[in-house]
2 protein chains.
Amino acid sequence: MEFVKSVPNDKEQILAAIKSQINTHREVDLKKMLEELHPADIAEIIESLAEKQRVSVFGLLSSEKAAAVLYELNSEIVAPLMESLDKSIAAEIMDEMSTDDAADIIGDLKDEDKAKLLNLMEYADAEDVQELMDYPEDTAGGIMTTEYVAIREDITVERAIQVVREFAQEAETVYYVYVINERNQLVGVISLRELILAKSSATIADVMRRKVVSVNVQTDQEEVANMVAKYDFLAVPVVDNNNQLLGIVTVDDVIDVIREEATEDMYLLVGTTEIDDEEDLYHRIRKSVRYRLPWLLITLMSGVISGQIIKSFSGALNAMVALAFFIPLLTGMGGNLGTQSSTIIVRGIATGQIDSRKILHNIIREGLVGLSIGLICGFIVAIFAVLWQGKPILGLIVGLAMWGNMVTAATIGTLVPLLLKKLNVDPAVASAPFISTTLDNTGLIIYGSLTMLFFKFLI
Amino acid sequence: MEFVKSVPNDKEQILAAIKSQINTHREVDLKKMLEELHPADIAEIIESLAEKQRVSVFGLLSSEKAAAVLYELNSEIVAPLMESLDKSIAAEIMDEMSTDDAADIIGDLKDEDKAKLLNLMEYADAEDVQELMDYPEDTAGGIMTTEYVAIREDITVERAIQVVREFAQEAETVYYVYVINERNQLVGVISLRELILAKSSATIADVMRRKVVSVNVQTDQEEVANMVAKYDFLAVPVVDNNNQLLGIVTVDDVIDVIREEATEDMYLLVGTTEIDDEEDLYHRIRKSVRYRLPWLLITLMSGVISGQIIKSFSGALNAMVALAFFIPLLTGMGGNLGTQSSTIIVRGIATGQIDSRKILHNIIREGLVGLSIGLICGFIVAIFAVLWQGKPILGLIVGLAMWGNMVTAATIGTLVPLLLKKLNVDPAVASAPFISTTLDNTGLIIYGSLTMLFFKFLI
């Protein structure tokens, strides 16, 4: 978590310099240049190189740096890069890695590559990594690291600082020191800040905080992230059902979770998926089509139903073709309002701002918004229809349809994600395509019914 | 950043206990109970109480705790709460606050309340706060704190640790110690972890890192957040154009920025705004309507244009009413695909995954997705139209319209946010309502034109 190195102000320039140094085999300069860069930047540079150049640049890194870079690299590059290295060097790099980073990297690989990389590690480490990989990816266990500093409560502050010094190189964060008892149960915590402020002769038991916020290893990663965000923690300890300390989740991983979850929700809301800039154009498009098409086919089926609904009042439509003019207006407005409602609910549930158990409360609130907006929009549309077509009855039908449509839209847009949450399905699948096409059909049913009702006045 | 206190497992239960203790005037118990809670939890509890109870609970807190709670409270509660207190106590609370927290709290108040709270502070602090409030809210300056630890490079490690000890109480984070020269320019950084590992007799100049990543005070907060996320920093220093150190942005504030920006983008994408759970139902609905209505009225106007477009081919529609059956299908599909594209671009720009300068590259990629999906959907719809209505020519028109519509949708959905970014407008205003209603119209124009073209074969 702690590289404070130079960030290239002009990446293109650095990249050009590196390429020229590869071509002219000025390895010493290149090595020096790379050592000064942040691993995240080196990873970006390596990804933009041709495969052969990747290997030669990666090979120049110290094993410590290489481990950090490996973590930042796109998973598809990792396996071929490691295989191109000497076995002993590859093993050294794997040893430099924290177990959670190793688990993340290896977890993303194909099965045959997984075994290869695990075999490079020391037995104890490999076991730890294997264990970490067994936790579901989106739980506290899946994002935690096992490299933390834990001490016993009977030692002195002076001794504790010594322990921190010893572990500072290896641990992910030394800014919290956890206190455990003989059964490895979490009994306290002390921050490094408090530790250096404390009297060196005091025992840890005297100065530690006994009330520790921890999360269970099975807690959903989104919940862990919300907790860290709320309490401004730098790390949170992870325990099993017996309160035994298993690991910690650090704030940098929490940031990744928050960003990922937001992206995932946004994409899910419109029925699409992340694009991966590493793959070539053909694969990216194929992947994109494969993911987005099913959602759009559902929309398509729903559109066919829309056609069927319109067909059912085609008698009226034949008599007065102006009825068709208002179809996109009605369906579009319903879809937009409904999508607003469902987005508010989905995001509110994710950030913990909305209590998903208060179904009625939320429906009333959004329903009233729909009622108000529907009243205004219905009125405007009615006026417009009368002025445009000169038929008051058409204005009445269109205005009422708009109003009913908006109330339905707000209600359904609110209800669907809340119900999904209750069924333990990610509420973000209450996506815009799904909500808006459903609302196309409810809107058309309302419009058709009103048309039928007033049909005799229309012609 | 460092409270590690108990989190109530059952909030309802704690709330009930607190209410009963208020009613029975068991202030000592209540005080003890509150001291053990995290400020964020106390804030939640206070917000759920009646106004009179709020004052009595808040009055029980120590000034240190009260300052932390104040920061977590909804801004509408802050002013009345502080006014209800004795002036000297209120002043004490303001003194406990870090300058950036104070600036955040005061910045959210009405102008007359701002002055009142500023007057409670010591002159130097109030000046600092005033300065912080002058930076735009969404820049590095707007989210930074001025409470950091800075040292000179000629002191020893031992002395530096002593300085950290002295400032540990006041500074927002002591985990990075910044090194400045005589002109207050940032020349280096050392982490607390490195400091406790270093030889105590060494000078800071020997052990510090000279390459420091910093951000300019005017840098956009989203860019700061992306940087902290990428490099896994706990804090990043903020400098002016002369590299003089002005403050630091800490990771907890970055987490807030990331969450806020994601929420803002999501809401902007559907043309809505945050709901504020503190206000009463009437005000919430009024606010919601006021914000969402303008977007929906734009949609409405666009829907009127849709009507006009349909009217322009009403001759064909009169001749064959089945043409109307496919209107929701075509407009719906275009809107959904276009919204997918614009969401991908908007989110990609926000997270830095998409290079917004590569306009053509992005359009080609999404355009090809639209082409592929359009081909599949157009084919399905055409088959369906033929089977349903028995007219091959209708199938041809609807299929071609679908195809053209999907390509247009992907292109416009990609182009609009990229253009907005180029014009320095937040690309998230390329919202679903705007994109999808625009696409309704382009879709109808394509459908209408094809109908006109093949009109003679239709009847």
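A Cβ is built for glycine as well, from the same backbone N, Cα and C atoms used for every other residue.
Of the candidate ranges B:48-71, B:72-95, B:192-215, B:432-455, TrEMBL annotates residues B:432-455 with the feature transmembrane segment. Within its own chain, the transmembrane segment (B:432-455) has Cβ neighbours under 8 Å at 269-271, 295-296, 298-299, 302-303, 305-306, 309-310, 312-313, 315-316, 319, 323, 326-327, 330-331, 334-336, 338-339, 342-343, 393, 396-398, 400-401, 404-405, 408-409, 412-413, 416, counting only residues six or more beyond its boundaries. DSSP assignment over the domain 'CBS' (B:208-264) gives 25 helix, 16 strand, 16 coil.
Across the domain 'CBS' (B:144-207), mean pLDDT in this model comes to 87. In terms of DSSP helix, strand and coil, the domain 'CBS' (B:144-207) has 21 helix, 19 strand, 24 coil.
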